[in-house]
Structure formats: structure tokens, C-alpha cells
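Undergrad: Here's a structure for you.
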Amino acid sequence: MASNSHNNYNTPRRQNYDVPKAWEEDSLYENIDFLTQPAVSSDTSEDEEPLLSVARRVEVQGVNPGLKPRGLVRPRQDADNPSSDEGFDWELWKLHLSTRAFSFLEPPRLSSSNTASGLRSSCSDFTILGSSGVNPTSHANLSEEEMYEEIPPLASNPSDERHPRQLSGAVAQGAIRKSPRKLKFKPAKFKGLSSSLLNPFTASDSGRRARRQTPTCQPGFTPIFQDLGEPHYVKACTVFFEGCMAAGKTTLLNFARQTLSDDEALTIPEPMRFWTEVYTNVLSQIVKINKECKPGKTSTTAELVSCQLKFATPLKTQSLFLQRSVKKDSEMQPVGPLDKWVIVDRHQLSALVVFPLVLMRRGMLSFSDFFNLLGMFEAHPGEVIALMSVNVEENFTRLKKRGRVCERHIDRDYIKEIKGSFNAAYCAWLFLQYFSIQTTMQICMGLSSLDEACATEGVCHTTASRIWNNRMLVTLSDIISQFSNDYTVQNVCYNFFSQLSTLKFVVIDLSAFRHDVPGAWGEFYMQVMKNGDIKTRVMDFTAIKALADTAHNTHLRSISFSSSQVFSTMLFLILLCVTGAQAITTPAPPRPATTTPRRGVTSAPLIVPASSSELIVTLDGTFHSVTIDMTEIRQYVRQEIIEALWNASHVFESLETTYNRYKDVYRFTDQSIRVNTRGSCQLVKK
């Protein structure tokens, strides 16, 4: 139960988990729909007492004073637990009620189609008022007229017969009030059962419009758990790029992927497909929460915890996969120029520590939920965090320039808070480099002061206080101050400090490399090489390459196709296959250089190697791969193929974005066709 103190760290979420309020008796019946709730079965005694108490209260208050006492009650028909001899052929959607006053002691009258004469029930499916302890089998010899009461006829109003009344009662302070909205879609749902309860999952609301599902392009399934053969162990440095959105992480990762070969570096992009297409779109949920939800609500903090867990799930699994690929009993060594690189976009530090800290400071995440997320943080030896940052104005300009829908709610203040939270996490790690985990725990628990710790460890008090006051450790100390004697709280704090101290940080200011990506990579490379604490691990490079290839294929193919895009792509592939077949069967002579190219296409020949090549077609910023056999094409490719490439590139939008991001849009192994934003093609030697 929730605490009654003014600092309530664990408020129950009644809106989400439906926690009953036992001290408010009337609230148990506020939203009860008596027409759809099944009658209480005769074998339950705990649930009958509150219902009978309400019934007595309503009868005493005179809700139905004219109702004569009855000797018998109609047999109950429990839709959830039907008797064995019932035929499951009730027509529940035909609800005919009498026009007289509503009573809790009299259930609604349902017309049954079991028999021609009327109702049919087993002898144990009824109860006699005032004699609940009598064995029901003793009334088996009663006639049907003595056993059942006579049902009065319905109203003679034709409109009532065509449209039977469907009342929905609810108890509020001893009175009955109608809630017609409860049954707005109930008859349609009952009618969808087709008078059968055997398949309740086929019910559908005919009044509601079904949501349109956009078809998505599902990438080919490449299992990363398959046997990849003999492992290939090499020394590799594992680096995780972190920082605010649009700080330059993905740009630097793509530069490393394009510049370095697969034998030198492997890159793993953000798991964007898992965040946007698997089960739910967590980016859209975050936007909705920031627009609609208010700080301080328990439902808001519950939704944010769900979102942060989804952000953290793929990041944790990637880190665990890399840890499993480390060779057992291998020692870490300092990084060298000939070592390999494993570069990952995002670490679980951002999903479980940094962004929850931002949300908690904004009042949207409770202290309890922030502390629970903090306890899930995990790091491994050898992991390096490359913290990248730019100034706020440059970061905001980049963010608005790329124009993502999920980032429209981000303003300058939000960017400042994210940068401050990353700086706070870095300062917490830096504090652990000066002080031991035990000393940090004593300061957070209030068992020791910062002055005593500085005197014991021999650290300058000015430096230590400046790092300590950077809000991360101060905030954590304030959160656990009232519960510092709890052993679970102590274990969570100790585990967080030990995991955080395992990491290694390098900070890169990209403000000086605005249009110089190679310079930014050089700055990152030199900082890693000069840091003697950064170590390499002996890792299975074959398994990591399989993970990287799968991650890139999933990242590049996660796109929703429209009908025009699918049609244009199919038309282009058919044209390409036809022209390629013509070139194979009847090779055309080379065109003269004086031939005027159509649509701005150059007529320079394209030399294709005799081996197979991969044609990469860009669809709105992503790649779609098609393998074409070029064995028989020796010297020239017909001009129509180049024109088809040019025409296909203009079918889709964001060509300028694609060109700036990937540069080489279409390529044949070692020679490529570059499509620029002015609408012309040129052959480029790679």
C-alpha cells in the first residue's frame, strides 16, 4: 500500500493496474454493467456479501417499493461458467427488458431460444430466496409452473418492440444512474457472436472503422545464432558512440564504415527498426507523451518506463552479444595501430541513466522508477564510451535540418538538459576515478563527508566538490536519503557504481569539425591511442561481422513502401532485366561519342567485370539489393541501363538527402554511377 507521507516514492498506479480502494465501498460498483455481468455463481460466498449489502441498502432506500416478494427466482445463466447441459445457443444480443422499475434482486429477463416453451436449465442452476441452505436437488420434482415465476408481458408500444430498451445501471451513493455509453457497441459485439459463445474471439465492433495497416518491407531473415564455423579471434577495441541527437554519431560511424574495410572495422547502427516497427513505435509514443501527458501523473511515469525499457532492450542484447564473443581466459591489452575496431551507435547508458535522469528532473518520471531503471544498468570491461558534443545552437540547427517527425518537440532547453545529463554521468564516472566505490557509498549514504573523504584519499577538495556538485551523485544521494538503511537500495547503488567505473570515457568536441569529418575521426583516433587505460579484447570477429551485417541490412531495409514505389521499383527491375538480357544475347556495338545523351545522361562506357556484381537501388534513403549476373557482358553496358538508373532515381523523394548521406547511389563493384542533385549522371572511378 502506498505511503501516507508527503514524500511518496511509490504511489500505486490505479489507472494502470486497477488497484481496488477497499476503504471506499461505493467505488467497487461505479462502473458495473449489470446487463453484461454474469450472475454470481452459487459456489462463491466471498463475492455475494458486498452485493447483498448493496441490494439491502437500495431496498431500504425505497428504489423499488412496489415489488412484491417472490418465492422463486429465475435460473441464473452464467455466460462465463455455463452448466454442462447447456447448448451454448443463447441469443444474448436480443435483450428484452420490462418497463417497470429496476431491481438488484431481479436479474434482467432474457428471451432464450433453447426450447419452444421457454427457459431450460439444470435443477441446480437456481436459488430460492430465504432458503439458500436448502439442497437444490430437492426441488427436482416440482413442475415448471411452480418452479419459475410468470414473466409479465412487454410494453405494447410498437417502438419499444422494435427497439428494446437496454438499461445500464450503476450504483453511486445508494442511487441508480444510467450510463448509456457503456452499451454503445455492446449489441454489435454480441451480434458478432452469432448466438454462440464457443468462439468469443470472433467478436468485432461493427460500428468502429478498422485501422489500415501499412505494408512494410520485411528484410530477409539472417540468424546470428547459426554455426559460423571456426571462430576467428583478433584483438579489437569496442567503442560506443554517445551524445545528444544530431551530434554527429551516425555521420562518424558511416565515415568509418565507408573508409575502413570489414577486416579493419565493423560498425553496428542504431536498432531503429526494433524501435519503430517491432510491436510498437516507441518514438511516436515519446512524442505523444511529451505533447499530451502532464508531469506528476502516475500513468505518465508508467508509460515512460515502458518506453525506456524498449530503448534499452536492443542495446543490452548487443552488449551481451559482444561480451559472449570474447575469448575465455584472454587478457586485455593496450590498444595499438594494428588492432581492429568495433563501433556501436548508442550504449545502454543513454537509455537507462541519461534520459531517465532528464525525465526525472522534468517531473515526468518518479524517483522510484528512475531508481529501478538505474538498477538495470550493466557494463562490461573493455567498453569505451566516446562522448560527442557540439554547442547548443549548432546541435539545434542540425536537428531541425534533418527534419525527423519524432524530433519536432525538441527545443533548445531540452537539448541543454540532455547535454547536462550526459555531463553529469561523465562527472559521476570521473568521481569514481578519484574515490573508491566504498568511499562514494559512504558519502551518498551520509556516513561520511566529502572533506573526510578528500583527506583520506588525498584528493584536492576544490576539484572533488566541483565534480560532486554536478548533480548526478547529489541527486542520487537525495533520492536514497530516506531509505539508505534498506539493503536493496544499498545493493543497487553499489552495483551502479561498480558498473559505471568499469567503463572508459573519451570526450570529443565536434564544434571545431563542422565540415571536417576526417578531422573529427582523427581527433577521436588520437584520443583513444593516447589513453593508456583503454584496452582491447580478444574477440570472435566472424560472429561480430554476422551481427553487423544483419544490423545494417535491417537498418537499411526498414521502410514502408507505397503502391507507386513498389510499381516503379518493379518496372525498373523488369526494364533492367530486359535490357541486360538483350545485351547478353546480342551485344550492341559501342555508341559513338557524338551521340547526344537523353535527359542529361553521359554516353561514356561503363566497364563491368566478368564476375557477378551487386546493384544497389536507393529507396528514400535506404538500400534495396538485387544481384545481377554480368558474366557475359565483356566491355559495354547499353545506354538504356544508364537511363533506367537515372529515371529510377527520380521516382523517389529525398534524393538530395540520399546523395549527401551516401554519395555513391548506384555502384558496380569498383566503378559507380553517381547521381547528383542537378539531374545528371556521371561515371566515377572509385
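From the backbone N, Cα and C atoms, a Cβ is placed for every residue, glycine too.
Feature list, courtesy of Swiss-Prot:
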REGION    1-21  region 'Disordered'
COMPBIAS  1-14  compositional bias 'Polar residues'
REGION    64-85  region 'Disordered'
BINDING   GLY243, CYS244, MET245, ALA246, ALA247, GLY248, LYS249, THR250, ARG398  ATP binding site
ACT_SITE  GLU270  active site, proton acceptor
BINDING   GLN308, ARG404  substrate binding site
Undergrad: Between the binding-site residues ARG398, ARG404, where is the Cβ count within 10 Å the lowest?
TA: ARG404
Undergrad: Hey, what's the Cβ neighbour count for GLN308 (substrate binding site) at 10 Å?
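TA: Its Cβ shell of radius 10 Å holds 23 other Cβ atoms.
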Undergrad: Whose Cβ lies within 8 Å of the mean position of the Cβ atoms of GLY243, CYS244, MET245, ALA246, ALA247, GLY248, LYS249, THR250, ARG398, the ATP site, other than those residues?
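TA: Everything else in range on the chain: THR251, MET388, VAL390, ASN395.
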Undergrad: Relative to the Cβ position of MET245 (ATP binding site), how many further Cβ atoms are located within 10 Å?
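TA: Around MET245 (ATP binding site), other Cβ atoms within 10 Å: 17.
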Undergrad: Show which residues of the chain containing ALA247 (ATP binding site), separated from it by at least 6 in sequence, have their CB under 8 Å from its CB.
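TA: Listed in sequence order: MET388, SER389, VAL390, ASN395, ARG398, LEU510.
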Undergrad: Spatially speaking, which of the recorded positions GLU270, GLN308, ARG404 is closest to LYS249 (ATP binding site)? Use C-alpha to C-alpha, please.
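TA: Of the recorded positions GLU270, GLN308, ARG404, GLU270 has its Cα closest to that of LYS249 (ATP binding site).
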Undergrad: Could you tell me which three-state DSSP class GLN308 (substrate binding site) falls into?
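TA: Reduced to three states, the DSSP call for GLN308 (substrate binding site) is helix.
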Undergrad: For the recorded positions GLY243, LYS249, GLU270, which one has the sparsest Cβ surroundings, going by other Cβ atoms within 10 Å?
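TA: Ranked by other Cβ atoms within 10 Å, the recorded positions GLY243, LYS249, GLU270 bottom out at GLU270.
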Undergrad: Calculate the distance in Å between the alpha carbons (Cα) of GLU270 (active site, proton acceptor) and MET245 (ATP binding site), and round it to a whole number.
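TA: A Cα-Cα distance of 12 Å.
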Undergrad: Take the C-alpha atoms of GLN308 (substrate binding site) and MET245 (ATP binding site) and report the distance between them in angstrom, rounded.
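TA: Cα-Cα, rounded: 16 Å.
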Undergrad: List the Cα distance (Å, whole number) between MET245 (ATP binding site) and ARG404 (substrate binding site).
TA: 11
Undergrad: Can you tell me how spread out the ATP site is, meaning the largest CA to CA distance among GLY243, CYS244, MET245, ALA246, ALA247, GLY248, LYS249, THR250, ARG398, in Å?
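TA: Largest pairwise Cα separation, rounded: 14 Å.
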Undergrad: How many Å separate the Cα atoms of ARG404 (substrate binding site) and GLY243 (ATP binding site)?
TA: 17
